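Note sheet for the following structure.
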Amino acid sequence: AEDRSSLSGVSDAEAKEFHALFVSSFTAFIVIAVLAHVLAWAWRPWIPGPKGWA
């Protein structure tokens, strides 16, 4: 049987490389999502003001 140090079978260097890519991709996704929400809010706010939707 092979001696594996991890359940996934990837080396520590491969895991760190994947983690760095995952974190950068997730960060980019969050930035794009926040920007989209800000633009949508500027276009059409989804919480009514003090006078309602009028």
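A Cβ is built for glycine as well, from the same backbone N, Cα and C atoms used for every other residue.
Features reported for this protein in Swiss-Prot:
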{"type": "TOPO_DOM", "residues": "1-20", "note": "topological domain 'Cytoplasmic'"}
{"type": "BINDING", "residues": "HIS19, HIS37", "note": "bacteriochlorophyll binding site"}
{"type": "TRANSMEM", "residues": "21-43", "note": "transmembrane segment"}
{"type": "TOPO_DOM", "residues": "44-54", "note": "topological domain 'Periplasmic'"}
The topological domain 'Cytoplasmic' (1-20) [mean pLDDT, rounded to integer]: 84
Number of other Cβ atoms within 10 Å of the Cβ of HIS37 (bacteriochlorophyll binding site) across all protein chains: 11
Tally of residues which DSSP labels helix, strand or coil - the topological domain 'Periplasmic' (44-54): 0 helix, 2 strand, 9 coil
